[in-house]
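Enquirer: Here you go, one structure.
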Amino acid sequence: MLDIKLLRENPTLVQERLDARKAGEYAIQPILDLDIQQRTLEGDRSQLQARSNEIGKLIGQKIKGGADPKGEEIATLKAEGNEIKQKLADLEPQEKELKAQIYNLLLALPNLPDQSTPVGTNETENVEVRRWGEAHKPTNENILPHWEIGEQLGILEFARSVKVAQSRFVSLVGAGAALERALINFMLDQQIAAGYVEVMPPVLINSDSLTGTGQLPKFAEESFRCADDDLWLTPTAEVPVTNLYRYEILEAENLPIYHCAYTPCFRREAGSYGKDTRGLIRLHQFNKVELVKFVHPETSAAEHEKLVANAEAILQALKLPYRVLELCSGDLGFSAGKCYDLEVWLPSADTYREISSCSNFYDFQARRAGIRFKEAGKKGTQFVHTLNGSGLAIGRTMAAILENYQQPNGTVAVPEVLRPYLKRDFL
């Protein structure tokens, strides 16, 4: 959530940064208009309250000075006091309604792109930062798409999964299930060694949690919801892990806090009809290891670069070619102020595909979720900065392995770092 003070003090800057996302999509003037009304009411209420207090003192003084408690003078003051009390009572719901309107409009505004984020309208204007692993790209021809080699090996079952659920689901069989488990354990082990503390959070989460990280109210149609409870299936571990600290004041000396978490993730993929209808790239249910950070504002830029490096380390250990993109303003996620995407090489399509997004949300999520910190010896509190990134999406990592490690004889080599987990060299 954006700070209303920022909108008041720098309306032109805020509107320009929002327009950098999508011109004309977001307007702050309606919020500022309501804010003026709300502050005017606050001023009226303060004046009325001051007069009410003054009347109370006057009545006491006059009675103490000998005035008749039932006399006309005291009655007049009491009548004015009662009139003020009624006005205050009438103002309360008006002020409450204005605050609610402002809050809801602020919830609908995305984060401001960082000044360093390149300005652009869509993904075609993202900026490539670097590539890694060109020497690891496979040279053999006729590489099958991962879903074909997976079905040939009997480790990916799509057709029967439709019978169990619907399209965009998969069952992993035999070595496929073992590979998924190996990837999860390997990724967690690597991130724990890098200083992250593992969490196994709930995967059913409430609306307040989704609001705290920015999925609600704007993206309700993209998540699965339980019919009879205020519970949703988590779209990413970012949501429950971030909200573990909702409405808490942390000690500055305990920052930064690093967490890693494996969870299944659930997404309706609304608006993706016809895209990636085959394979593991776009499923309704998939597994992911997520990295979440809570950091001091002064270190968040450096922590962001370290987060990207933590995600890259997994791809490098697996020797999977990838590239890093800095997202332009028009392609940023709703809550992100700055974001890097890691894209892994899929040789069957001769292209790179996203496997991790590493975002710095600055104080946007913390302001929505009420996550603050206090520094010893200083008054007041500040909002923490939150960051998160995939480390990595398991299904997409499996897809990349099935293609990049494909052998001419129809087998798939197991990456060396996974062999101790799988106890085999080939699938």
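Note: Cβ is positioned from N, Cα and C throughout, glycine not excepted.
Relevant sequence annotations retrieved from Swiss-Prot are reproduced here:
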{"type": "BINDING", "residues": "Thr236, Ala237, Glu238, Glu290, Ser390", "note": "L-serine binding site"}
{"type": "BINDING", "residues": "Arg267, Arg268, Glu269, Glu354, Ile355, Ser356, Ser357", "note": "ATP binding site"}
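Help me picture these features in the structure, burial and contacts included.
Expert: Around Ala237 (L-serine binding site), the same-chain residues six or more apart in sequence whose CB sits under 8 Å from its CB are Val199, Pro201, Ala261, Tyr262, Thr263, Cys265, Lys288, Val289, Glu290, Val292, listed in sequence order.
Glu354 (ATP binding site) falls within a strand segment according to DSSP. Over all protein chains present, the Cβ of Glu354 (ATP binding site) has 15 other Cβ atoms lying within 10 Å.
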Enquirer: Would you mind sorting out which of Thr236, Glu238, Ser390 (the binding-site residues) have a C-alpha within 10 A of the one on Arg267 (ATP binding site)?
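Expert: Candidates kept after distance check: Thr236.
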Enquirer: Determine the most Cβ-crowded residue among the binding-site residues Thr236, Ser356, Ser357, Ser390, using a 10 Å radius around each Cβ and all protein chains in the structure.
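Expert: Of the binding-site residues Thr236, Ser356, Ser357, Ser390, the most buried by Cβ count within 10 Å is Ser356.
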Enquirer: Would you kindly give the Cα-Cα distance separating Thr236 (L-serine binding site) and Glu354 (ATP binding site), rounded to the nearest Å?
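Expert: Cα of Glu354 (ATP binding site) to Cα of Thr236 (L-serine binding site) measures 15 Å after rounding.
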Enquirer: Give the distance between the Cα atoms of Ser356 (ATP binding site) and Ser390 (L-serine binding site), rounded to the nearest whole Å.
Expert: 5
